[in-house]
Amino acid sequence: FISSMMRTALLALCLAAAHAASPMRLAPSIQQSRTGRAAAVPSPTLRLRGGGMFDAVKKMVGGDTGDDGLDENGHYTLVLVRHGESTWNKENRFTGWVDVPLADSGIAEAHRAAKNLGEEGFTFDIMYTSMLQRAIKTGLTILEDMGMLWIPIEKTWRLNERHYGGLQGLNKKETVEKHGADQVNVWRRSYDVPPPLMEEDNEFWAAKDPRYKDLGKDVPATECLKDTVDRFLPWWTGTCVPAIKSGKKVLIAAHGNSLRALVKHLDDISDDDICGLNIPTAIPLVYKLDKNMKPVKVEGAYAPLSGRYACDPEVVKAAIEGVANQTGKK
């Protein structure tokens, strides 16, 4: 790694060399016009030529990716972050597509995520998020803290949380008391068994929400994780992969299950193993991808993932255990 002082010295050396090799127009800052009045003259101009030492040093000191989005090892960087703790997370309720806000603790988590990403020198060219405010707010908080609110932000229902059907709004532990821990764990964690259907007269029926007016029959009444994978993958292959391959540094701010769908696909995690995987709130998960969009296992990877969490390992461990214990059964 290059120290800050050394990076500065290299940049100065590069600029000096480019300065010597570039055409320059020198002029006094003030010259007399024919009428004798002082007239402003443009400041000296300097044109830096790309290529050669300039590009080499720029690549060396300009962060972990170049203009093509590839780092020094020829890998793309993808950062995933689950939303911070929501008000219903705090109340331990099934949330799904219900649009609840972040809790104060969740906003604090988003600030922490931004701090960790900033300290590691991450930058982004585009953010993708869901249609739900808890993910949107988490992503916006991160971008604001990092001074990057200006980048494009795209929202899609395909990044929404898994739809929990008739369980949405119910307290998780009370649901366990009513239906039993094993049944609730099947609804919550099995790959291909959905929760009970939501009835159309339910106050949280998503088809009544104007943000989903164009979905028609695609508005779910319940989803298992397999359903979430199936609606997520067309977006991944059709939108996100082309963006990454074009050189864009991508941040995805989404939800526990839409991110489980993504890491299942990336790391080829089995249907059984994905059921035991928990994604903590607002802790950035950093992936390196090769040119074929296959993950490259990084130092500090959190098994069975190829990616690593950009946070203190003890904080990650505690956060994951907290998610696992939401129903009183891991």
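Even glycines carry a Cβ here, placed using N, Cα and C.
Features as listed in TrEMBL:
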- 1-20: signal peptide (SIGNAL)
- 82-89, 95-96, Arg134, 161-164, Lys172, 188-189, 256-257: substrate binding site (BINDING)
- His83: active site, tele-phosphohistidine intermediate (ACT_SITE)
- Glu161: active site, proton donor/acceptor (ACT_SITE)
- His255: site 'Transition state stabilizer' (SITE)
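Cα to Cα, His83 (active site, tele-phosphohistidine intermediate) and Lys172 (substrate binding site) are separated by 19 Å. Within 10 Å of the C-beta of Arg162 (substrate binding site) there are 29 other C-beta atoms, taking all protein chains into account. Gly96 (substrate binding site): 26 other CB atoms within 10 A of its CB, across all protein chains. When secondary structure is read from DSSP and collapsed to three states, Lys172 (substrate binding site) falls in the helix class. When other Cβ atoms within 10 Å of the Cβ of Trp88 (substrate binding site) are tallied across all protein chains shown, the result is 20.
The Cβ of Arg82 (substrate binding site) lies under 8 Å from the Cβ of Ala135, Thr138, Ala254, His255, Gly256, Leu259, Ile279, Pro280, Thr281, Ala282, Ile283, each of which sits 6+ residues away along the same chain. For the pair formed by Lys172 (substrate binding site) and the residue listed as 'active site, proton donor/acceptor', distance between Cα atoms is given as 16 Å, rounded to the nearest Å. Taking the Cα atom of each, Glu85 (substrate binding site) and the residue listed as 'active site, proton donor/acceptor' are about 14 angstrom apart. In this structure, the C-alpha atom of Gly96 (substrate binding site) lies 5 angstrom from that of Glu161 (active site, proton donor/acceptor). Of all the recorded positions listed here (His83, Lys172, His255), the one with the fewest other CB atoms within 10 A of its own CB is Lys172.
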